[in-house]
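Q: What TrEMBL shows for this protein is this:
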DOMAIN    233-368  domain 'DUF6545'
TRANSMEM  6-26  transmembrane segment
TRANSMEM  38-57  transmembrane segment
TRANSMEM  69-90  transmembrane segment
TRANSMEM  102-121  transmembrane segment
TRANSMEM  137-161  transmembrane segment
TRANSMEM  173-195  transmembrane segment
TRANSMEM  201-226  transmembrane segment
Amino acid sequence: MSYDVTTTGVWVESVGTSVMWLALLLRAPSAIRSPQQRGLWIAVAAAAVTMTLKRDFLAELVGRDFHVYQAYVLATHLCGVLSAIIVMDFVLVTTDRPQREWLHLGSGLAIVCLIILGARWNPGMNVRQSLGTGSDVFWLIVIGIHQAGNILCIAVCLRHWNEGEKSPLRTTMGLFGLGSCLAALSWVGCLIQLISDVSWVAPILPFIMGVFCFCRAAVIAAPAFSTIRRAHRDARDFWRLWRLWRDLVSAVPWVALAPPRPRLLELLLPRGPWSLLVYRQVIEIRDAILVLRDYASPDPPFPDPGPMAAPDLSAAYAAEMARWLAAARRAKNRGQGPRARVVGLSALGGHDLVHETAFLIRVADAYSRRAPGGAADRPAHRFPTVIR
């Protein structure tokens, strides 16, 4: 039973390490270029290297020669200690504490002590392999450095979690703090093994470190998740605006930077970032509205809707604008000339790009529900051959 638990735990730890490497590789180009993200990326990379060096197949590969294995074990522990030091330095930098000389000095002394102890004694890859007083001191220094970094991270993450509002940054800090809690719990287990001869701790530690790896991978990949979420939102907005945009720029082709393509083709092979495509749609729809307002019927514009007309005033205005745009487009496509009275279509909308986009999406939804079509809706002219 204990063997099965240990085997499963090692599998979870291996998968977590692989996921952490995948997140590091995906984020490497942008994280290395960003001074704000570089320190965290290096710290997680050092942790990933440490977790990789602890794999049994690598230890068995270098274990054929005692001196090589001893150097390998020492390098593994030093890499883990370096990861903890980088995390502490990163946390101090992000909390605007420039005086980090004590950290650098103490870390340097600790690393020198570990090198001396590791060369004199064989600490082993895990606590159970500790063979004497020198190895115990080595492990106490390693555990102390890791726990200092974990406690510092937990304190900072807890403060940001309590002070911050719900946001991606708050979620990231929560995941980082959770990973530090798991790492601290793992090192407490190592300390228990060091001071007492217990066997129930060892099978649990791989599970804890596996979840730790998943947390660190999520922290590193969080910006990528935000980018994917924004791209999905922009693609959805582009899809919803497409029919209104296509019909309006078909009626007023000179406002378009380029002629519309089939919607599925626009989705699969976009001609630029989704955010810029949505921005282009909003601008071109607005330019088309400025032209089509001359063709709208001069009825009393946009009366105050009754309580049963729409859930709110903005929805009622959007539905009314969709009706007016459909009528103005039909009038222009039939060859009718501009009217003497200009309808105040362009006065409606949002006060910034976000609200303007949201309003035009409502207009587009209402316009699509009206399902304009037929021969009368076809434009009487084609796009110019020279696109500005």
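Keep in mind that glycine also has a Cβ here, set from the backbone N, Cα and C atoms.
Since this is a predicted model, take the numbers as computed values, not measurements.
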Q: When you scan the chain for residues with a C-beta under 8 Å from the transmembrane segment (38-57), skipping those not six or more beyond its ends, what do you find?
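A: Counting only partners 6 or more residues beyond its ends, the transmembrane segment (38-57) has Cβ contacts under 8 Å with 10, 13-14, 16-17, 20-21, 23-24, 27-28, 31-32, 72, 75-76, 79-80, 82-83, 86-87, 89-90, 93, 125, 209, 213, 216, 219-220.
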Q: Please determine whether the transmembrane segment (201-226) and the transmembrane segment (102-121) are in contact (criterion: at least three Cβ-Cβ distances under 8 Å, sequence separation 6 or more).
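A: The transmembrane segment (102-121) and the transmembrane segment (201-226): touching, no.
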Q: Do at least three CB pairs under 8 A connect the transmembrane segment (173-195) and the transmembrane segment (69-90), leaving out pairs fewer than 6 apart in sequence?
A: no
Q: Report the mean pLDDT of the predicted model across the domain 'DUF6545' (233-368), rounded to a whole number.
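A: Summarising the domain 'DUF6545' (233-368) by its mean pLDDT gives 79.
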